[in-house]
Amino acid sequence: MAARPLSRMLRRLLRSSARSCSSGAPVTQPCPGESARAASEEVSRRRQFLREHAAPFSAFLTDSFGRQHSYLRISLTEKCNLRCQYCMPEEGVPLTPKANLLTTEEILTLARLFVKEGIDKIRLTGGEPLIRPDVVDIVAQLQRLEGLRTIGVTTNGINLARLLPQLQKAGLSAINISLDTLVPAKFEFIVRRKGFHKVMEGIHKAIELGYNPVKVNCVVMRGLNEDELLDFAALTEGLPLDVRFIEYMPFDGNKWNFKKMVSYKEMLDTVRQQWPELEKVPEEESSTAKAFKIPGFQGQISFITSMSEHFCGTCNRLRITADGNLKVCLFGNSEVSLRDHLRAGASEQELLRIIGAAVGRKKRQHAGMFSISQMKNRPMILIELFLMFPNSPPANPSIFSWDPLHVQGLRPRMSFSSQVATLWKGCRVPQTPPLAQQRLGSGSFQRHYTSRADSDANSKCLSPGSWASAAPSGPQLTSEQLTHVDSEGRAAMVDVGRKPDTERVAVASAVVLLGPVAFKLVQQNQLKKGDALVVAQLAGVQAAKVTSQLIPLCHHVALSHIQVQLELDSTRHAVKIQASCRARGPTGVEMEALTSAAVAALTLYDMCKAVSRDIVLEEIKLISKTGGQRGDFHRA
């Protein structure tokens, strides 16, 4: 790293005009042509010198796949003056206490450290960064950092027209403005606030002050604003805009589902039908956008394809959240608290080692669209506050002690039981459990970091819950006659038309013995096929819904709730699966629960079979069943 200060010193020397002291020699004024030629040659010599003496890129900001991270996004605040539907819940989000947020000095200290290591672009984000009172001062301080080429801001535009002259004077060089509709009434519906005309005023102020291009970010959502694609594209005819159409992405609290997403190819086809002459524009290195231009238009359009065609291979971005956590991937849920280490007095080298370790753990690419949609992540406004809440509270809270701040195991990933809440009808989202209310107080999240080993280090709980109670309940009525066979021994479907509707609940389980090699790959999420646990969990949910199509004499049941939980057992190198189903009707749901557990187990086998064929599926069994004429059943 010693080479870097030397290189920067050489750059400073070469930037300065050549000066010399004369002891009486006459001064010769070159002609204009010679001056221009000499200046051009001098620039060429400087560039050649810098190429030959360039400092190596920081090892701390280079991941294991050789990606050099030169772009840092810093969240200045969690607060926002809008409530965009795709970004945060309508009621807002619990905010981190002010004492736990980065101070201005801490922001600048971290920025200075990252720039020293090779970051040359910083973008200020939020929340809404322009509601932070000292945002102009922060930009001015960043502008003084040698080596920082670009200071950008992503804003909703509400305060932009008022602040932009000051921000430009302070050193702001790039602007992204979020705008998802050109219809004022629809704007108010999407963001749940007024302000459309303020945003448009901000866009025109940016153009007036000479920003080119002014980037406009538009999240495209089916049934909401996909019909405005052509209107947005038409804006680029007379304005120096880069309208960036962003695929709708899943973040906690935005009720994401696949049906809302409009893919890049679909958007591109729509624009091409109107402007067949649309041309592809060469992309900059590490660009996230696929850029196109309509001949004769002043601006251009771009597509950010986070969901359908990821750009992980060229990712050069790191993020620091408002509470000081380093996040190496937008779609990841792991983070490192730089704030805590900074306040504990960590030296610059210690901070660099922490940063380097986090960057080194960055994966080759994020999970696919299907897996991302299930991941527990911060609401977009926070990026990301990670607490695992169950999908529904237990009928008997005393069955287990549930602590939302205690994360078990070695691979903190997500609350599997809550992932399907946005995809499958009937899943219930609970109120905050009493214990969480006690821990969190009124309106603020607390986070718990610990390096201690879990009291049960052999298990990894992916979703809070307990395995079925062993106590029998109710009379055990049995039949000595098979209900699906008639008097002549032929298959027959039971007539349930006259049976009363009652609440039916069934829980089934299965165990998959993976072996040490496959188990390790599943635990570390390193299978080439993807996240085996997520795929198996969703397969179990889907299987429960189609049980009547798989089991010939099984009735179709309108399930009101499906929950699939997976737990890693390192002592047996196994995955334990528990599936529960609920419905109100004339027939039970034990077949749905059993099918769910079995198919989840089969899916795990399929995901891991390339690694080992010595995988055993066992203990597929009914754990409990309630409701119905024959009484309740709980396996002893």
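Backbone N, Cα and C define each Cβ position, glycine as well.
The GTP site recorded in Swiss-Prot includes Arg123, Thr154, Lys215, Arg317, Leu318, Arg319, and the single candidate from Arg73, Arg272, Arg364 that the record places there is Arg73. Residue annotated by Swiss-Prot as N6-acetyllysine (from the set Lys98, Lys169, Lys198, Lys362): Lys198. When you go through Ser35, Ser64, Ser70, Ser373 in Swiss-Prot, the residue listed as phosphoserine is Ser64. Annotated pair Arg123 (GTP binding site) and Ser178 (S-adenosyl-L-methionine binding site), C-alpha to C-alpha distance, rounded: 14 Å.
The subset of binding-site residues (Cys80, Cys84, Arg319) lying with their Cα within 10 Å of the Cα of Gly127 (S-adenosyl-L-methionine binding site) consists of Cys80, given in sequence order. Relative to Arg317 (GTP binding site), the binding-site residues with Cα atoms inside 10 Å are Cys329, the candidates having been Cys80, Cys84, Cys87, Ser178, Cys329. Other C-beta atoms found within 10 angstroms of the C-beta of Leu318 (GTP binding site) number 22, with every protein chain shown included.
Within 10 Å (C-alpha to C-alpha) of Cys329 ([4Fe-4S] cluster 2 binding site) lies none of the binding-site residues Arg73, Cys80, Thr154. For Lys215 (GTP binding site) paired with Cys87 ([4Fe-4S] cluster 1 binding site), the C-alpha to C-alpha distance reads 19 Å.
Checked against Cys315 ([4Fe-4S] cluster 2 binding site), the binding-site residues Arg73, Cys80, Cys84, Thr154 differ in C-alpha distance, with Arg73 being the nearest.
Comment: GTP site residues Arg73, Arg123, Thr154, Lys215, Arg317, Leu318, Arg319; largest CA to CA distance 20 Å, whole number.
Taking the Cα of Cys84 ([4Fe-4S] cluster 1 binding site) as the reference point, the closest of the binding-site residues Arg73, Ser178, Arg319 is Ser178.
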